[in-house]
Structures are given as C-alpha cells and as structure tokens.
Amino acid sequence: MAGGEKRRGLSKSCALLIVIAGIERYAFKGVASNLVTYLTDVVKMSNSRAATTVNTWSGFTFMLPLFSAPFADSYWDRFFTILASSSLYFVGLVGLTFTAFAGSRSTTKTISLYFLYTSLSLVALGLGVLNPSLQAFGADQLDYDLDHDNDHEPSSENKEVKSNRKTQFFQWWYFGVCAGSLLGVTVMAYIQDTFGWVIGFAIPTASMLLLIFLFLCGCGVYVYADPDLKAKPFQRILEIIKERVCGRNKITLVNDHDLNAMELELQDQKPLCNCSNTEANTTTKSLPDDHKSCKTGFSGLETVKLLLRLLPIWTMLLMFAVIFQQPATFFTKQGMTMKRNIGPNFKIPPATLQSTITLSIILLMPFYDKILIPIAKKLTKNEKGISVKERMGIGMFLSIIAIVIAALVERKRLKISKMMKTTPNLDPVSILWLLPQYILLGISDIFTVVGMQEFFYSEVPVSMRTMGFALYTSVFGVGSFVSAALISIIETYTSSRGGKHNWFADDMSEARLDNYYWLLAFTSAISFLMYIVICKHFKSRSDDDDQCDTNC
C-alpha cells in the first residue's frame, strides 16, 4: 500500500462476499428452518417421514461439495461457478414457490411430490456447489490482501499478523452468515405462519435474485487466480495412482522437511492477481519437464496423505452434526405441541426459536473475542488462546449438554401431559422451556463450527481450498444422512412393538423423543472421548510450522 500504510480491516471484495454469504443464508434458512412444518401441515407427511425428508435433503445439500470441489479446484473458474450455481439455486426456489402456489389454488389442496422433490433437488445442487466455491473465493481475496499488506511487515510479525487476519475473516464471515440466518429464521417463520407459504417462499426467491445482482456488481473489485497457473491437485492424484498401479514411476519420499518445502512450492504455484502475471507464467513454463513430472507425482502422494490424515477427526465430528439436525426437525415439532401464546393475540412460531441459536452466537462472539480469548492467552501462552482442536472439542462437549437438557425437558413435558390428560398435541408447558437447549447449541456453534472452518482451511494445500471447505460442509451432510438412518432404524424397530412404543409417533403425547435424545447423548459422548484420544496423536500443519520456526 502507498507509503507502507497497513490496512487493518477487510478489503471491499471480502466485505461484499460476506454480505452475499449472509443473503444466501437468509434465503436458505427462510426455507429450511420451517420446511418440516410445511411438509407435515401442507404436504401432509407423517412426523418421521418429514424429518427423514428434511435430513436427507440436508445431507445431499452438504455432501455435494465433496463431489463438486475437485472440479472447482482443478477445472472450473470460481467466479463462473458461483454465478452458475446461484442461478440454479434461484431456479429451484422458483419451483418451490410454484409448488406452494399450485397447492393453494388446487381444489384438493394436494401438491405434486415429484415437482416438490425436483425443486428441492435443484436448491440442494445449487447450494452444494455455491457454498464452498463462495468461501474459497472469499479466501482468495483474503490471501491477496495478506500478500500485499504484509510486504511491509517485519518477518517476525508476519506470521502472527496473517493468523489474526485469517481468524478475523472467518469470524466476520460467520457473523454475516449468522445475521442472515437470524433474519431468515425469525422474519420468514412469522411470514409463513401468518401470510402463507406462497409469500413465505417467494421472498427467499427474490433474495437469491438480489444475491446474483450484487455478485455481478463486484466484478471490478474481485481478484482472480490466473487460469494458466491453476493447480490441478486431483488430476495429479489420479496420475500418481495410475503411475503406481502401472509401476512406471517409483517415487521416494525423503523427509518432513522436503514435504514442507513441496507444500510451499504448491502454494507459490497459484498467484492471485487483477491482471495476467506474465513473469510468474514465464517462470512456471520454463520449468524442466523432469522437474514438473517429479513435482506432479510427489505432490499427488502428499495430497492423498493430507486428506487421509483428516479422516479420523472428520468422523468424530459426525455426531455433533447429528445433534445439529434436531432444531430444524424434532425441536420444532416439540414446540408445535407446547403453549406458544404471548398475550391474547400473538403465538410464537416454533421455528423462530432457532433464532436463539443465532442470537447466542452474535451476542456471545464479542465475549469470546474480547474476554475469553485474552484470558486463555495468558493462561496457555498460546497466541490464539486455545488451539483449533481444543475449540472444536469444547463445542462438542456443550452440544452433548444441550441434548441432555432436551431429553430432560421432553420427559418433563410428557409427564405433565399424562398427568393433566391434555388434548393430544397441545400441552400446557410453555415453549420457553426449550430455550436452554437452543442457547447451548448456539454457544457450541461458536466453538465447533468456526473451529471446523479454520481447521479444514488450514490442513489442506492451498490448491485444494475448495475441497477444504467441502470437507467442513460434508460433516453436516453425512451427519444428516446418519440422522435420517437413525430415525428410519429406530422407527422400524419401535413401531413393530406396537403404536404406543413408537418413539416418533405423530401423537406427541405418545412419542418418546426423550429416549431418542438420550441415545444421541450417549453416542455423542463416546464420539467425544474418541475425539480427545485422536487429537492427542494428531499433529497439525500449524504445529509443524511452529517447530520449523523454532528450529530456524
């Protein structure tokens, strides 16, 4: 920057992409947070089928980045990937709005399940490609800022400045996502309950159109990766596997220092620029063929190792994702049976309680940054206060406490319902009793979800950044499938013993969601203990960097 002036805040491109991410969350939460109510009340699905449908749809939505990321990292231009996927997202929302409109105009009040599933699939496909590409594109803007702003930094301060700016970016990104989620859950749930589903789905559709417009408005401020220098990590992986199988290329991995050097070489391979980088392009093209071949095989093997070593921690995070499926499904169904009146004329829409998760994040994030982290820095002598792995572990523990509280509240609700013999699906227990479990999930979100984003961002090569974000979202995708499978297995087993034993009975006075919550708490506790053991033996790349700095 001119005169060596150092910019403290985020660039215009980063800020614009954070706003765009917030709008996307507003549209998504406006549909997803109350979808189970739409499926049970309008489409007339059973509780278990509606929950399974929502979980399966969420699973596809969060799993698709795993399949799109290799193409986005190796072949697709991120700008046009974002534009195409957001357009597909918009078309899906248009279709969903049409299903609500057709249902409201039909004399039989029936909705075509085929058209409904097609619309939801288009939304899932668009979102599955959009989210990791948008985050990776934002990280590209951040890298450009760091590379240029830190040219004037002393080398001893460079690492700490970069670390703090990365943390700032992820926290502001998550703040934008939370703000959009909060508006989507509160405003849209009220509109859907009060004015109907046509308007309730039309507003998120209009929001996606606004997102596309704003994204195009930023063309002049974005920085782009040079397409001639775009790394193709997955192509290298396939090449090295082919060479290994055919026995045509024998590669020897030397030591950890060589691996670190190769990773630095990979990072320098993909500059970000506002124009073509002729010098860098010439340098890359002038590399000898033997060197290119060696680098291709070498980095391919190391990339496979980097991905496989993340698998144990990725697996242990799945039960956290299963717990996080509950607010949009069974927590909402719980709230529909409870006393929701505030005054004589207003009823709390059950889906709006999901906003307390987001409110908890927004209100407590400053406490986390300004009070908790400085205290932790003094106690641990760590520049971040607590490590990313510790941050994720704390959130996992809090999510277990939240689901235990949910089980206790549900058991109390059932007990009061049976004692007072109330009307089915209408209990005198206030819906506000559900607040503690929502708030605790919000606090756990601050620790685990932000920690997951930073963890997978930091542990993959820069040329596979979209894949890093895809690994983060895939935790929730597979977690959704696990949740759907659990519901199907439990319902099959419990319903075979008679209607009164069905944990997911449509009559909430007969359902045993408390038993389901206890099962989730038990399995999550086992997963948490295994996570602790795995983390003790896991050596992160940041640890390697710290050791390298010490040796130097």
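For all residues, glycine too, the Cβ spot is worked out from N, Cα and C.
Noted in Swiss-Prot for the protein shown:
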type	residues	note
TRANSMEM	16-36	transmembrane segment
TRANSMEM	51-71	transmembrane segment
MOD_RES	T81	phosphothreonine
TRANSMEM	82-102	transmembrane segment
TRANSMEM	110-130	transmembrane segment
TRANSMEM	169-189	transmembrane segment
TRANSMEM	195-215	transmembrane segment
TRANSMEM	311-331	transmembrane segment
TRANSMEM	356-376	transmembrane segment
TRANSMEM	390-410	transmembrane segment
TRANSMEM	431-451	transmembrane segment
TRANSMEM	470-490	transmembrane segment
TRANSMEM	515-535	transmembrane segment
Using a Cβ cut-off under 8 Å, which residues of the same chain at least 6 positions beyond either end of the transmembrane segment (356-376) come close to it? 171, 174-175, 178-179, 181-182, 185, 327, 382, 384-386, 435, 438-439, 441-443, 445-446
Where, among 82-102, 169-189, 311-331, 515-535, do we find the most CB pairs under 8 A to the transmembrane segment (390-410)? 515-535
Taking the transmembrane segment (311-331) as the first stretch and the transmembrane segment (431-451) as the second, find out whether 3 or more Cβ pairs fall under 8 Å, excluding pairs closer than 6 in sequence. yes
If we call contact 3 or more Cβ pairs under 8 Å (sequence gap 6 or more), are the transmembrane segment (195-215) and the transmembrane segment (16-36) touching? yes
If you count CB pairs under 8 A between the transmembrane segment (431-451) and each of 82-102, 169-189, 470-490, 515-535, the winner is 169-189
Contact call for the transmembrane segment (82-102) and the transmembrane segment (169-189): at least 3 Cβ pairs under 8 Å, seq gap 6+: no
Establish whether the number of Cβ pairs under 8 Å between the transmembrane segment (169-189) and the transmembrane segment (51-71) reaches at least three, counting only pairs separated by 6 or more residues. no
Checking 16-36, 110-130, 470-490 against the transmembrane segment (515-535) for Cβ pairs under 8 Å, the most are found for 470-490
For T81 (phosphothreonine), what is the tally of other C-beta atoms lying within 10 angstroms of its C-beta? 22
Outside the transmembrane segment (110-130), at least 6 residues beyond either end, the same-chain residues with a Cβ under 8 Å of its Cβ set are 24, 28, 31, 42-43, 57, 60-65, 67-68, 72, 81-82, 84-93, 95-96, 98-100, 102-103, 473
